[in-house]
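Q: Feature list, courtesy of Swiss-Prot:
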- 141, 169, 186: S-adenosyl-L-methionine binding site (BINDING)
- 186, 187, 188, 189: substrate binding site (BINDING)
């Protein structure tokens, strides 16, 4: 086989593995240490036998349903590459919508305290820090292993005003007397009894980042009940949460039952599913 980039791309695409275009190019970027633009401009470039061998190893693991992000130990999120491993949830494309919803608020303010609860890899909070490095960003998680990954990403992007804090959900803010101006969070939201979950998610991703009690509503209920304890209500504040596509009605009922006094709205994702809750006072 002529091992040009062009032929290798076709080889990967023709394997019986479900990969999107971005995944295919991410594999090549990882193996030859070149970016997308270089790759598509050098399709006649020949790969070495060692590089071909590494690609074959990756394809073998993918055939066993091993997640690509864990194989490469990296995942694109909001146009940046983040380090990930099996200790953190793999960042999803739909989670980028959280950054879309907060970007204007982050860019237009230089003295915010931004808190990323249940941070995992840190991709949400770090993406905010990269939008405006004048704000202070705190990444929190109950898992020390997750924070080790998040801290590695902080160092990767040379962020001075971003730090990690270990603790349980909002308790870590209350304990440290922290009141945020912006809270972003993609908490565990899968019902413990939910049987309709992809097998590779169950088999490989950390359960602590997936499942929550009370039909997956546990973290939303706690946050909604305690907003005044964790945000600075004397200034403009913004909270953006991600939730499961079938949870909108249940979360809306939580808001109503708790007589939330702040503005709130729901937003859909790329596939027209309800995905985000936005709470704010402006």
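Every residue gets a Cβ built from N, Cα and C, even glycine.
Computed from a predicted structure; not experimentally measured.
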Q: Can you tell me the CA-to-CA distance separating residue 187 (substrate binding site) and residue 169 (S-adenosyl-L-methionine binding site), as a whole number of Å?
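A: With distance taken Cα to Cα, residue 169 (S-adenosyl-L-methionine binding site) is 9 Å from residue 187 (substrate binding site).
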Q: State the Cα to Cα distance, in Å, between residue 188 (substrate binding site) and residue 141 (S-adenosyl-L-methionine binding site), rounded to an integer.
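A: Distance (Cα to Cα, whole Å): 12 Å.
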Q: Express the distance between the Cα positions of residue 189 (substrate binding site) and residue 141 (S-adenosyl-L-methionine binding site) as a whole number of Å.
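A: That separation, Cα to Cα, works out to 15 Å.
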Q: Among 141, 169, 186, recorded S-adenosyl-L-methionine binders, what is the largest CA to CA distance in Å?
A: 11
Q: Within 10 Å of the Cβ of residue 187 (substrate binding site), how many other Cβ atoms are there?
A: 19
